[in-house]
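Going by TrEMBL, these are the annotated features:
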| type | residues | note |
| --- | --- | --- |
| SIGNAL | 1-22 | signal peptide |
| DOMAIN | 35-110 | domain 'Inhibitor I9' |
| DOMAIN | 131-552 | domain 'Peptidase S8/S53' |
| ACT_SITE | D139 | active site, charge relay system |
| ACT_SITE | H205 | active site, charge relay system |
| ACT_SITE | S503 | active site, charge relay system |
| DOMAIN | 609-706 | domain 'Subtilisin-like protease fibronectin type-III' |
Amino acid sequence: MEGGKYLLHCFLLALLTTKAASHLFQSNANANRKSYIVYMGDRLKDGASTALLHSSMVQDVFGSESKTVLYSYKKSFNGFVVDLTEEEAQKMAGMKGVVSVFPNEKRKLHTTRSWDFMGFPQQVERATMESDVIIGVLDTGIWPESLSFDDKGLGPPPSKWKGSCQFQPQDNFTCNNKIIGAKYYRSDGLFLPEDFESPRDFDGHGTHTASTAAGNLVDGASLYGFGSGTARGGVPSARIAVYKVCWSDGCQDADILAGFDDAISDGVDIISISLGGGRTRDYFEDAIDIASFHAMKNASTIDRKFSTKVQLGNNKIYEGVSINTFDLKNKTYPMIYGGDAPNTTTTSSRSSRLCFSNSLDKNLVKGKIVLCDTIRTNGIGALLAGAAGTVARGQDSIDYSSLFPLPASCFNFVDGRNIFQYVNSSSAPTATIFRSSEVNDSLAPYIISFSSRGPNPITPEIIKPDISAPGVHILAAWSSISPVSLVPGDNRFVTFNIISGTSMSCPHVSGAAAYVKSFHPTWSPAAIQSALMTTAAPMSSGINMEAEFAYGSGHLNPLKAANPGLVYDANETDYINFLCGQGYATRLIQLLSKDNSTCPEDTNGTVSELNYPSFGLSTSPLKPFSRTFKRTVTNVGSPTAVYRANLSFSTGTLKIRVNPDVLSFTSVGQKLSFEVIVEATMDKAMVSGALVWDDGEHKVRSPIVVFI
């Protein structure tokens with residue numbers, strides 16, 4: 001017995017030693033492995049089989065050893081990521097269908113990455129006048145304590161500043177040499193309990209837009225690790241003037257006009273207003289149109305996206321979209337369909353399937369992951385019912401990610417139907433929701449689904465939008481009192497947040513305009529607008545089916561806009577003549593301009609002579625037409641320059657002539673005029689192209705769009 005016990009101890013020791021040696025060997029092997037990308041060219045039509053192909057390829061390399069594909073690319077191209085040794089990578093590279101295998105290297109991260117994505121790095125040339133540029137932000141206010149608005153290194157406000165700061169001791173709101181002015185407007189005097197009766201931002205929206213346009217450099221910014229890097233605005237040295245015109249219940253026209261009024265008289269250089277919505281109104285009945293006209297007289301996706309996987313109890317994994325900062329630690333929860341859990345005291349199953357507020361039975365939903373039939377919900381219904389998470393379905397495609405107050409992921413119709421079938425066919429369905437993954441969007445830039453589309457509803461022949469700028473998954477400063485998801489009950493409070501919207505595009509354009517203004521302080525708003533539009537990077541109509549009615553002149557390029565070569569300038573008289581052409585009575589024109597302006601007798605009711613940086617023409621199908629556009633460009637480049645006209649079109653249905661087709665300048669500031677004659681019989685809904693004036697250094701590009 002003694003000997004037997006000893007032998008047993010020796011056997012166990014040998015076994016443990018063998019296991020330890022084996023573990024040591026595996027650890028060394030794992031230590032030599034690193035993440036590799038296996039690229040396999042264009043995507044397969046069947047996305048589901050792509051994942052199986054990737055798994056089988058890994059199995060061929062590793063045999064019976066279990067190895068997980070870290071990420072499968074199947075939407076835009078074909079490939080996957082897996083941990084390999086150098087020898088395994090070489091073996092993988094020799095497999096059929098593999099184009100290349102290369103290490104998944106780390107690169108330096110950027111946060112307000114949108115500026116870098118537009119080719120506008122942190123180290124661009126800066127004008128000495130940048131700190132004299134004032135951006136007026138009409139929005140929900142500002143959070144002055146944010147590091148994005150620290151005034152370290154800034155001197156006093158420029159002497160042209162005539163504004164003031166509404167100091168509010170009750171919430172400790174103060175201005176500094178960065179936020180040089182702040183006012184708030186509430187024409188009806190009705191302040192809701194959640195609102196600050198001061199310029200302080202209750203919501204986060206105004207803080208976000210202001211920091212995107214002109215925020216300081218802030219290292220180490222992120223949203224729970226997402227978008228980690230250095231946050232910065234387009235013009236970090238510019239000053240900010242805040243005009244709080246929006247509250248928890250919206251933005252009133254009266255307050256908007258009051259904010260514009262003050263901003264103009266205060267001496268701001270750029271007005272950034274990320275507001276919209278409501279019905280289409282006549283130019284003279286729209287507060288922003290009116291205010292913008294008077295301001296004139298006085299004065300766009302990036303390559304970041306997020307995916308969130310959901311694993312069902314049958315071990316199938318589906319990849320949806322959201323920005324999910326929650327980590328369920330792979331724990332599974334019971335799953336229930338919202339339509340099967342109606343709060344019968346207030347609603348029906350027809351309503352509960354949409355998971356709106358108070359539509360779900362808490363007794364049935366608490367502690368479960370609830371499946372909802374719409375992605376339009378913000379998650380509040382599931383949150384109030386005590387759900388552990390929510391899965392939303394119900395859209396053809398989902399091209400951006402939203403924040404929710406609980407673990408969540410959104411799916412299209414196809415994957416959503418599969419998840420729905422699982423929930424209905426299983427006696428005890430379960431699921432878990434993973435933390436989001438931040439990945440590169442190789443198709444960017446393209447126009448997101450929520451972005452506004454042209455043509456201009458009032459004057460279709462003014463091509464809208466003017467330009468595209470990043471507005472998706474933008475990380476910027478945030479109000480520390482506003483929840484991440486904006487949903488009450490969400491207890492996550494941050495200093496930087498990632499949100500999407502046309503509101504996020506606007507401050508990029510504002511920042512770019514301020515950058516141009518810092519080099520050219522005497523340029524008119526129209527000249528700056530022209531510089532931004534004519535230097536924009538062309539975008540693909542293959543990705544954006546509405547072409548110019550989706551992206552306008554193209555994707556914003558601030559660096560080129562500072563040196564455009566030529567500009568299409570316009571002043572008050574030009575816009576007055578445009579309004580005359582729209583049929584407005586002389587009486588109204590005179591009220592608008594406060595002088596004795598009269599409409600020219602030869603006004604033909606078109607906009608072809610407005611000196612706009614783009615050319616738009618609407619016509620009837622199969623009816624011959626001819627239109628002449630008259631334009632004037634101002635030389636802002638080299639004193640002596642010769643520009644030649646180049647025309648590019650994707651179709652031969654149009655006949656276009658430029659007269660003259662060569663412009664020879666002898667001085668800076670010189671103006672030369674030309675005509676563009678368009679003739680055709682339209683057999684398509686839309687044809688587009690561009691006129692490019694080229695002097696060898698500058699390419700001044702204007703889109704031309706003819707549509708039915």
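From the backbone N, Cα and C atoms, a Cβ is placed for every residue, glycine too.
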**Q.** Residue with minimal Cβ packing [other Cβ atoms within 10 Å] among the active-site residues D139, H205, S503
**A.** S503
Q) Going by DSSP, how much of the domain 'Subtilisin-like protease fibronectin type-III' (609-706) is helix, how much is strand and how much is coil, in residues? A) 0 helix, 63 strand, 35 coil
Q | Integer Cα-Cα distance in angstrom, S503 (active site, charge relay system) to H205 (active site, charge relay system) | A | 8
Q | Separation of alpha carbons, D139 (active site, charge relay system) and H205 (active site, charge relay system) (Å) | A | 7
